[in-house]
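Take a look at the structure set out below.
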Amino acid sequence: MEYRIERDTMGEVKVPADKFWGAQTQRSKENFKIGSEKMPMRVVKAFAILKRSTALANKRLGNLDAEKAEAIAAVCDDVLKGKYDDNFPLVVWQTGSGTQSNMNMNEVVANRATALLKEKNSDQTIHPNDDVNRSQSSNDTFPTAMHVAAVLAVYEQLVPALDQLRNTLDEKAKAYNDIVKIGRTHLQDATPLTLGQEISGWVHMLDRSKEMILEATDKMRALAIGGTAVGTGINAHPEFGELVSEEITKLTGQTFSSSPNKFHALTSHDEITYAHGALKALAADLMKIANDVRWLASGPRCGIGEIVIPENEPGSSIMPGKVNPTQSEALTMIAAQIMGNDATIGFAASQGNFELNVFKPVIIYNFLQSVQLLSDGMNSFHDKCAVGIEPNKETIQENLSNSLMLVTALNPHIGYENAAKIAKLAHKEGLTLKEAALKLELLTEEQFNEMVKPEDMVKPKA
């Protein structure tokens, strides 16, 4: 491999000749050989959005030469297109302020932008700190990139996946709204409802989760940029934060604003913690939905078996013909991971000391992982399971007919205690509810048939 020599305030460093990063990126690569968790590409792209916006804001304020600003913006555009993805090699496990990832972007942009200017016969050079990082600190850029990355991830990945699953389940709810089945509470038989009503509960969970996620995501639209080192804004123009936020808004199509209190923006990550709490709520709902699906599909002969789900792959290496609810299993594991991520984020967010929280990389890494897993998990569950959910009408009817809880319909007519006598006798002697009612001489057959109609038990009755 060929190398070139780069320099920083600590001296010379050998850097791969085919890469645009500089000395500080190389030092980070050598000093933090920890794990395989790279800084998420969404953070890299958010930094490109930010550096493009800061260059244009500095240009508007007269703090950066127009030629330099345009060269920086051009390189950032290429980064956003994925042209230099292999120039961002750093892991999450680095300085807690994210300084090395900030400098990684500064160095790549500066070196490539300088090369662009040379191609245009310009004698200007672009410095990673003085030009690309002008009016900025890692302490305000990294939290800004965190918020930009988080908001875009929610809207570009999570919301489409959530909407798709929600809409398909809504179609199922409407299609199966006339199929009366037995309800279950405490894992025991309960009064009837329709399969459509049961699924409609899942739909409403997803609707509420989306509402909570979007409301929480709005909290992350306030950006730290302009606070520089400790929140005072030293070395930045008073209007810098607002101008950068305007540029980011233009570029992304999402509304961002300058945080009203930069001291809070640097040292606290309560907003992203709050937003991840909404992701955890979605994970809890998905855990419940996936569990319901696999319980309802359990069997095929000795389980509940009231719905049929797609058979995607063999389920056992020893039991021939076995097929398992693998999409539900994958989704429940994802939900467990999101709950673990929430614990990590909550603890990390509590560790802001004085003017700066230095757990930033692990916070955004876990947040973006949660969005990725939830999005991919919902897409997979949708494509390989939800679209193929069908009712097993024969089993549904058999379970409904055998349920003792249909006796609840008799409460208004013969009272709770007499209804309980019927249920207990039926259970003890293996009778139907009708047979037990007749044996106890509490009702005639005609009265029982008129009072116990499962289809009339699925809605309120005056």
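Every residue gets a Cβ built from N, Cα and C, even glycine.
Bear in mind that the values here come from a model prediction, so they are computed numbers and not experimental data.
As recorded in Swiss-Prot, the features of this protein are as follows:
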- 97-99, 127-130, 137-139, Thr185, Ser317, 322-324: substrate binding site (BINDING)
- His186: active site, proton donor/acceptor (ACT_SITE)
- Ser316: active site (ACT_SITE)
- Glu329: site 'Important for catalytic activity' (SITE)
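Location within the structure of each feature annotated in Swiss-Prot.
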residue	record	CB count, 10 Å
Ser97	substrate binding site	22
Thr99	substrate binding site	19
Asp130	substrate binding site	13
Ser138	substrate binding site	22
Thr185	substrate binding site	9
His186	active site, proton donor/acceptor	6
Ser316	active site	10
Lys322	substrate binding site	11
Asn324	substrate binding site	16
Glu329	site 'Important for catalytic activity'	13
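Taking His186, Ser316, Glu329 as the recorded positions under consideration, the smallest Cα distance to Pro128 (substrate binding site) is found for Glu329. Over all protein chains present, the Cβ of Pro128 (substrate binding site) has 25 other Cβ atoms lying within 10 Å. Closest to the residue listed as 'active site' in space, going by CA atoms and restricting to the recorded positions Ser97, Asp130, Ser138, His186, is His186. For His186 (active site, proton donor/acceptor), the nearest neighbour among the recorded positions Thr99, Ser138, Glu329, judged by Cα separation, is Glu329. It is 52 Å from the Cα atom of Asp130 (substrate binding site) to that of Glu329 (site 'Important for catalytic activity'). Between Thr99 (substrate binding site) and Glu329 (site 'Important for catalytic activity'), the C-alpha separation comes to 39 Å. Put simply, Lys322 (substrate binding site) is 15 Å from Glu329 (site 'Important for catalytic activity') when counted between their Cα atoms. Reduced to three states, the DSSP call for Lys322 (substrate binding site) is coil.
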